[in-house]
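Here Swiss-Prot flags 7-24 as compositional bias 'Low complexity'. Taken from Swiss-Prot, the feature compositional bias 'Polar residues' applies to 25-34, 90-109. The annotation compositional bias 'Basic residues' is assigned in Swiss-Prot to 79-88. Among the features that Swiss-Prot reports, phosphoserine is placed at S92. Among the features that Swiss-Prot reports, region 'Disordered' is placed at 1-37, 79-128. Look at Swiss-Prot and you will find 50-66 tagged as region 'Cysteine-rich', backed by similarity to another entry. Taken from Swiss-Prot, the feature region 'Core' covers 67-77. According to Swiss-Prot, the feature motif 'Nuclear localization signal, and RNA-binding (TAR)' maps to 78-88.
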Amino acid sequence: MEIPLQEQESSLKSSSEPSSSTSEPVVNTQGSDNQGEEILSQLYRPLEACDNKCYCKKCCYHCQLCFLKKGLGIWYDHSRKRSSKRAKVTASSASDESLSANTGDSQPTKKQKTKVETKGLTDLGPGR
């Protein structure tokens, strides 16, 4: 099962020469460099408006803006409205008054409790 010398020499020559399969990765690395530069340029480019209203997985990841809005749920468009100190003071005093009014109505007074207890003790009803 020995290979003749001519075939061995030809196989050595073909292995030392760059084949089409070895030249493809070189092209791919150059292409990937271009892709990397393109991705970086897209990263630093300002986000463009996207009017896509769909929330499916494909639409959530199709552009960076949709990913931020739909995928992560981050909205930078709305600014927070800060209320003044006066509004906080009046809101807290109004909430205190409403809480005291609600708690007074919801709990029975001591007089009502004693009436229920005495009535339960006097009325024995038919028992054993």
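For all residues, glycine too, the Cβ spot is worked out from N, Cα and C.
Note on the region 'Cysteine-rich' (50-66): its mean pLDDT in the predicted model is 80. Taken through DSSP, the region 'Cysteine-rich' (50-66) splits into 7 helix, 0 strand, 10 coil.
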